[in-house]
Amino acid sequence: MGGGGSVLRVCADHRGGINWLSLSPDGQRLLTGSEDGTARLWSTADGQCCALLQGHESYVTFCQLEDEAAFTCSADCTIRRWDVLTGQCLQVYRGHTSIVNRILVANNQLFSSSYDRTARVWNVDEGQMCQEFRGHRNCVLTLAYSAPWDLPGAPCMEEAVAGGLLVTGSTDGTAKVWQVASGCCHQTLRGHTGAVLCLVLDTPGHTAFTGSTDATIRAWDILSGEQLRVFREHQGSVICLELVNRLVYSGSADRTVKCWLADTGEHVRTFTAHRRSVSALKYHAGTLFTGSGDACARAFDAQSGELRRVFRGHAFIINCLQVHGQVLYTASHDGALRLWDVRGLRGAPPPTRSLSRLFSNKVGCAAAPLQPA
């Protein structure tokens, strides 16, 4: 069994659970969105909070961090864009009529999904809605986007995919593929017998993988709508998915993570040890990190399935994970962002500097001494 993980810092500034955690593309900042109605920006250099984003009138459901702007969505039915240097709100996107569940910034467009049964696309700079995608019979949960240059250039498809394709998953048991330019539904992916909770896209193969409360994962051709294969080994809802190196990792309410060959659906291995549902997944440099309802994060050797380390300290479910450099970041419903030392998981060379000194105690956060793993 794996040893215990060393906590470098505990950041407990939020006054409510943290629902999501996003890392900027350049790796310099983290963004957390919370039940307390605020978002916070954090420096990955020293773990300090560098901006408080206030303005939402209800809890923040999700967030995405870009290099120059932060995006948040909320149960107040709005989306906001923020300046990452000043923390100033730059834009409010209004139009949804219920909780906004997810947002996705891609190709200079902002996509959103909501309990109002719609998905929408917005002009990032002007805040205007460009297109509404209406057709789901229940809440739209999850989103993925395939840019036009990732799609085939056949003459019969050129017009349909000119603006790319948006894939949405819903509690109505379907996923839908939408033509972004026209707003038309391109395909409806039917087969699940429960809500679609998560999806990932293999853009080169124009394949979507969806996970559902029916305990299956399904692979679909997003151009033709054909169901390609069904992955049937889980005994509970599939909560999260990660696609890496032609492998699909799935986290489930059955307390396991499973690894599958994306191209065939063959079950390769199972990662056990969780005492509750697996709520979050992150693959990084040969290590699979998991977050669970048992309030622990874990590090597994992705190839062998061996449990390498357990990170204990949170009081409630871990909702999101990020890894940057030699630090694991975990965000929990207990309201804390925790930073953990992940050196030595893959036989890395001895450290050349003290991480505990780098993340030393400063106002607003509690730092813990670095202990040998």
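The first residue you see is number 1, and the count goes up from there.
A Cβ is built for glycine as well, from the same backbone N, Cα and C atoms used for every other residue.
It should be emphasised that the depicted structure is a prediction, and the values quoted were computed from it without experimental measurement.
Listed features, source TrEMBL:
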REPEAT    11-52  repeat 'WD'
REPEAT    53-92  repeat 'WD'
REPEAT    93-132  repeat 'WD'
REPEAT    163-188  repeat 'WD'
REPEAT    189-230  repeat 'WD'
REPEAT    231-270  repeat 'WD'
REPEAT    311-343  repeat 'WD'
Task: Please indicate, using numbers and ranges, the residues of the same chain that are 6 or more beyond the repeat 'WD' (163-188) and have a C-beta under 8 Å from a C-beta there.
output: 107, 109, 111, 113, 117, 119, 121, 131-133, 135-148, 150-151, 194-199, 201, 208, 210, 212, 214, 220, 222-225
- prompt: Most CB pairs under 8 Å with the repeat 'WD' (11-52): which of 189-230, 231-270, 311-343?
  reply: 311-343
Task: Within the repeat 'WD' (53-92) only, compute the mean pLDDT.
output: 97
Field: Non-local residues, at least 6 beyond the ends, that sit with Cβ under 8 Å of the repeat 'WD' (311-343)
entry: 4-12, 14-23, 27, 30, 32, 34-36, 42, 44, 47, 276-277, 279-282, 284, 287, 289-293, 295-299, 351, 355-356, 359, 370, 373
Summary of DSSP states over the repeat 'WD' (163-188), given as helix, strand and coil counts: 0 helix, 15 strand, 11 coil
